[in-house]
């Protein structure tokens, strides 16, 4: 690194040292002093003007002391200026390095934004489209679910009605079974009564046969007795010859009338009993036939009700199975849609976090750039203040009536650069407010110079 070099050039006319413009290369940058824009008379630091020295009254000892003091002051100022230049060069080098990094990061950020802006927009658009599609499907599923719930309620009502009918039919069946049991009992009673009547008929027939036999035996006995009486009468007639024929004839007629009457009474009693038993048997047979017919009708009704109950049970089981399958299907689809929504929300949250991170990095870079710009402006103001403070005196020869000095100003190649202050406010990864403010360095320098004047 080269330092600033002051060359003393003595003019042939005035014999005074003139400081030529100084340039130095600091960290790859050139800092050159501009052409002096004004001349400053060398006077004492007090506000009173310096006395003019004539050639005849020059005190060379005092001039030499003044020159030594001046050169000592200048050497100290040169050392301080050299140190300041070294520090400024290091700061400039650091600023240049940071600006290179800043420009590189800004370029990378721009490339990243160019690369990911479209993709982020497409991802957001795809996410929004998919979310709309999922919401539409959820609405359709909600409508289907409501419809299925209505159908389920209707089926539940139908099942309740069928259960009610089933209970009623089961009650009727139980009543029919009870009636059938009673009818079976009546049939058994009728069968027992019929058997009892048949036994009675048999006993009566046996009794009739016995009575017939007894009647026949009595008739035979009567006939035998009549014959014996006739024989006796004949014997008596033959012996006494009384008129017994009429008496026998009367006795025979009486016995015949008694036998005929007994026969008729027995036949009438038998016929009446037989008719009663026949009517009772017919009534029992009719009741048994009706009981069998009612039993068959009830059996057919029970079979039909059992078939209806079985079909209703199968229909109910099929509907319940279909309802469970649909509920499982809807639950699985809802879980899938919920997983998809969660995944999309995670992706959106990750994208927002990544965007927030990039915005924070960009804001940090802007803050670093602003701090560096402020630091550079501060050093520039310090240098300008140092330049304004330093007054370069020019020694006059004894023939000169006064001292004149030139003041050189350093000019920076970056004096015309503008400072861009960009403020970005973010909230939850989204840009809320963004503002940009431009400020020229020349304006700052001019305002500072006007304040000095």
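Quick reminder: no glycine exception, Cβ is built from N, Cα and C everywhere.
Residues or ranges marked as region 'Head' by Swiss-Prot: 1-51.
If you look up Swiss-Prot, you'll see 71-112 marked as region 'Coil 1A'.
Residues annotated as domain 'IF rod' in Swiss-Prot: 77-390.
According to Swiss-Prot, the region 'Linker 1' annotation covers 113-126.
Helix, strand and coil counts from DSSP across the region 'Coil 1B' (127-222) read 96 helix, 0 strand, 0 coil. According to Swiss-Prot, the feature region 'Coil 1B' maps to 127-222.
For the region 'Linker 12' (223-245), the model's average pLDDT works out to 64. According to Swiss-Prot, the region 'Linker 12' annotation covers 223-245.
Marked as region 'Coil 2' by Swiss-Prot: 246-391.
As annotated by Swiss-Prot, region 'Tail' applies to 392-453.
Per Swiss-Prot, the feature region 'Disordered' maps to 421-453.
Swiss-Prot lists 424-453 with the feature compositional bias 'Basic and acidic residues'.
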Of the residues in the region 'Coil 1A' (71-112), how many are helix, strand and coil by DSSP?
42 helix, 0 strand, 0 coil
